[in-house]
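Taken from Swiss-Prot as is:
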BINDING   Ala313, Pro314, Gly315, Thr316, Pro317, Gly318, Met319, Lys334  ATP binding site
ACT_SITE  Asp369  active site
Amino acid sequence: MQPRHIAELILTGFKKHYLLFQKTTAKAPLAFAKRDWQAINDISRLRISHYDDRVNETTATLRQQQTEQLDEQLWLEVKKLYQHFLCFHPQAELAETFYNSVFCRLYHRRYFHNDFIFVEATLKDAPAVPVEAEYRSYFPVVDGLKPTIKQIINHFDFKAPFVNLERDIRLLVKAFYKQAPDTHHKAWQMRFDILHTPFYRNKAAYIVGRVVSQSGVQPFIIAVLHHEDKGLYLDALLTKSSQMRVIFGFARAYFMVETHAPCALVRFLNQLMPNKTIAELYNAIGFHKQGKTEFYREFLNHLTHSNDEFTIAPGTPGMVMMVFTLPSFGYVFKVIKDKFGESKPFGRDTVLKRYQLVKKHDRVGRMADTIEYSNVVFPLARFDSNLLQQLHQTIGSSMVIEGDWLIIKHLYIERRMTPLNLFLENADDASAADAIEEYGQALKEMIAVNIFPGDMLLKNFGVSKHKRIIFYDYDEVQYLTDMNFRALPKAKTYDDYLMDEQSYSVAPQDVFPEQLCTFVMPNPIYKQFLMSTHPELIDVNFWKQAQQNIKNGQVSHIYPYPTAQRFIHHW
């Protein structure tokens, strides 16, 4: 095969992937208009599998047309030509990642360096797609603030009427005056830059933009919801970067948003959320493979500019995962152990399936996103002998040492958080009460979207920077509707009552909510905190009703912003 033919074949595979991805994404607005929430979830899951399908197709074609042995000179020329094709491509960075995926499926990891793949983004010095391609500007000085906001709303054809748009705009303007700095209060002192298409997720659409004035740039997010079958309404205005970071958080499902130039969209969002990494923003808008590429580049850059050693991650060691971390880098590396603890009656394949289940599910801000990698290379010098020994003992079949490098065959990477049990050890009563209340709320929100976490011990939950409680241990995750919730059998005789343990049969899917406090909250103070805020969690009927709601087709909406900011309180 000629270099040009190979380069064109890979680029054609990428084009097919991107067109299908955008075609799938474009179904979200109609599903939102029809209030077809199941379709929204189906679209979200389908997009996640698109990428690997197209990579597999392209790889299979190349295998049919060339030998398995790498022709180094040929592939050096292929990469050079491919790079030329991308100079003015609007999705160049995604096309580079697609190339990497195809090459890495074809050849051995010894070729995974910048000569043959795009370890570095080679187009960083090329002319960038202008950010202006992704937004439209509005000038209140021309028509006034209220008419301008009405123009913005009407620009988006939601294919459904508003219940009372005049009321919503009045509440929106009132909220804007309350939240915006004084310098924004005059129409001639500002400009609105609004992204062309809404962001869809779950049961909401979000209009995203920024307010530009002499005092700086401020996020501008409007949440749009359905009022049952009566029509649309504006639900909230958010104008703080910190609020925006929560909405775009790592524990939420990916947004569905149409874009011709993802790099321009990400740069726009990064200006509004400078504390978010490029990788996190690509993930947030659904390009999780690009997020994976950008994250690995961030990791390599961090390794170059740091010298600390890897250590065992803080927290109680698990029976399924070996977890280590680099203290100066805010993530943990999770590797499936060779052997599980006796209380884990399942194997590696089950763990892989459960992590994939969470990846494709609505995480409602309560389940950390994971990045899955194969054949990750670590500098051996950054591991001390004690840690290496522990790795050999627990994940020996998943690691290889080659010269100065440690290669992990398969791992997951998650955001590092403070384990809830460790947080509580050092928390005062007020902080502990808040954390336990958040823990209970996290359980309720996962339950509402048909997720049963399985192991609900405090050690399996983390405390984020925003003091949110996030679940991160997925080896026992199952659908709520697959579980059998039971009340504890009552003692039949006085002798039964005196026994420390009741004698009754328990099936694998059986769950006894009454035992939640017994096993999860042994500290009586924590139990008191939980019972004062979420007493229904130990009521078997609460769990059964949650199951029935899901079976009846009810789809819950978890608000990613404080309910106090909802306009509905001022109707």
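We number each residue from 1, going along the chain as drawn.
Cβ coordinates are placed from backbone N, Cα and C, and glycine is handled just like the others.
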Q) Which Cβ among the binding-site residues (Gly315, Thr316, Lys334) has the fewest C-beta neighbours inside 10 Å? A) Thr316
**Q.** Cβ-Cβ neighbours of Asp369 (active site) (radius 10 Å)
**A.** 24
Q) So what sits near Met319 (ATP binding site) in its own chain, CB-to-CB under 8 Å and at least six residues off in sequence? A) Lys337, Phe340, Gly341, Ser343, Lys344
Q. Near Ala313 (ATP binding site), how many other Cβ atoms are within 10 Å of its Cβ?
A. 21
Q.
Please give the maximum pairwise Cα distance, in Å and rounded to a whole number, for the ATP-binding set Ala313, Pro314, Gly315, Thr316, Pro317, Gly318, Met319, Lys334.
A. 15
Q: Please report the number of other Cβ atoms within 10 Å of the Cβ of Pro314 (ATP binding site).
A: 14
Q: Based on Cβ atoms within 10 Å, give me the single least packed residue among the binding-site residues Pro317, Gly318.
A: Pro317
Q) Roughly how many angstrom lie between the C-alpha atoms of Thr316 (ATP binding site) and Asp369 (active site)? A) 21
